């Protein structure tokens, strides 16, 4: 077989002859995800779309924050008059003001901006590092694999918030608390998750016939990884990514709450605001903690719902056909019956 | 007869293998903690005493503490301090990390135990109901609840709970002065041992809000795990078999489904310990709870590297040991795990 295809992809030429896995299959995985999303019904569909809408709103709020927020995140006066200190919500300050005379609404809106920045950075960092390491580890195996697995397992076993705290402590010690260091502290927590999942799928994909065929035809490891493994492995990533995005918001706020996150003068951050609000709560002030808190819950909820919806839709063990309810439990192999009935109905 | 001895033998082998596997994990964890602490710039002495002492004195103190020693020497000392369960002495207040663990560990233990109790009491019944009535109103509600409770960080739920219940829970009032002998360093146990039931009541009252705040973090995971387990065990062939034999649906669910769905709860518990410890750091900070997590943050703010290194090491070891214990219990319950 290999002899009859002299133009096998030895080099970087993508215009090879029809291969066991044609070019269009590289993102076939993502297309399959989209098909599954469109097929989703019931609760998963509801979660998926609610999550998508909330996440989209969060992103819009973050992107257009300066246009939406009435004041800057560190503005404590307007037209020469200082804002009221700990002022209750009124017409001028819809969400009230803090002890530093800052407008809570503006800080909440700008907090979304900070959260989005850190979230995107953290997800991209961990995605790139985790997927790369996972692919290498799963494809090559050997001592590299063994060492990476040990280190990743150790990182994974660590209480994740504690890991972020220690990483935040270390990174902030090196470079001061900025958006980048906060994102890096969170990245450390997520790399093992991508690594594990990607390594596992790379391991199984490595044994697949089309990969074997590509190798037999002389494809270099870099080509095999890029063209054949990547597309198969990447399918498992969207669920983790959305879940991590949700988690990153909470972790960033946790760091900020403990004073290990972004410098409070650099950006508005929900966790820092909440740490300041604890004292207000003891004094009976509700607006400084309620609004940033609600904003955070809603943002996390959006990404969590999106991730869970995706998981329900994509995870075959959780998928359920709509018509399976009409089945009587008299059959011995219910699951097989489910599948056949499902296809018959479609 | 021979069968049982063979099985207990395999359990022993499983336990030994698991311990052997934990050793490299612990070593890697120690290396990680050590490296992370050395990557941080400066050293504990300059960090904590930098402004107060001159350069020569700093160097002398560094030398006395062994911070100018080569790294392998420092790592060896660190390993020794871990092996002797001493974990070093803090710089800022010259406490042994072991003392911190012993004196403040009780508070953290009380808090996490309270959180677990709350999570189990709410999570198990709700999870079973949700799994039993899948996709019905109770399921959708419980999923929403678990998602929201999972989405809400401790430092959001805690202040909201304080606002809602602050006046009635006795949270605002300080803890009464306790005059009970310290025996276990677990305040509530000490009070109970001394027969001071007023103190026990007071401590319990103060424990409720922190436990609920922390418990809400994990109750969602409980609900979801149990729900999924019940759904999957209800799809099992033995459930079909029971139904085919004409066993009433109520009995099928209660006797065959629930029981098998509850076995993984132990695993859930184990997995949540890491999350609880992380959450405890935040909860202790919010409620001024005198646990290890609060100490950790104090030492982090003082840049006391030795204390941070020691406490983080202990946390890591606790997680490894607990996950090991959970595996043992699982192996004991479920013979399939052993193979």
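Cβ from N, Cα, C; glycine included.
Any TrEMBL annotation is an automated prediction that lacks curation.
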Which listed span TrEMBL calls transmembrane segment, if the choices are A:46-69, A:70-93: A:46-69
Stated TrEMBL location of transmembrane segment, expressed as one of A:24-44, A:171-191, A:192-212: A:171-191
Top Cβ-contact partner of the transmembrane segment (A:147-165) among A:46-69, A:118-140, A:171-191, A:285-306 (pairs under 8 Å): A:171-191
Stretch in A:118-140, A:171-191, A:285-306 most in contact with the transmembrane segment (A:46-69), if contact is a CB pair under 8 A: A:285-306
Sequence-remote partners of the transmembrane segment (A:285-306) [C-beta within less than 8 Å, at least six residues beyond its ends]: 47-48, 50-55, 57-58, 86, 88-89, 95-96, 98-99, 104-105, 107-108, 111-112, 115, 242-243, 245-247, 249-250, 253, 270, 273-274, 276-278
Long-range Cβ neighbours of the transmembrane segment (A:171-191) (under 8 Å; 6 or more residues past either end): 114, 117-118, 121-123, 125-126, 129-130, 133, 152, 155, 160, 163-165, 240, 244, 247-248, 251-252, 255-256, 260-263, 266-267
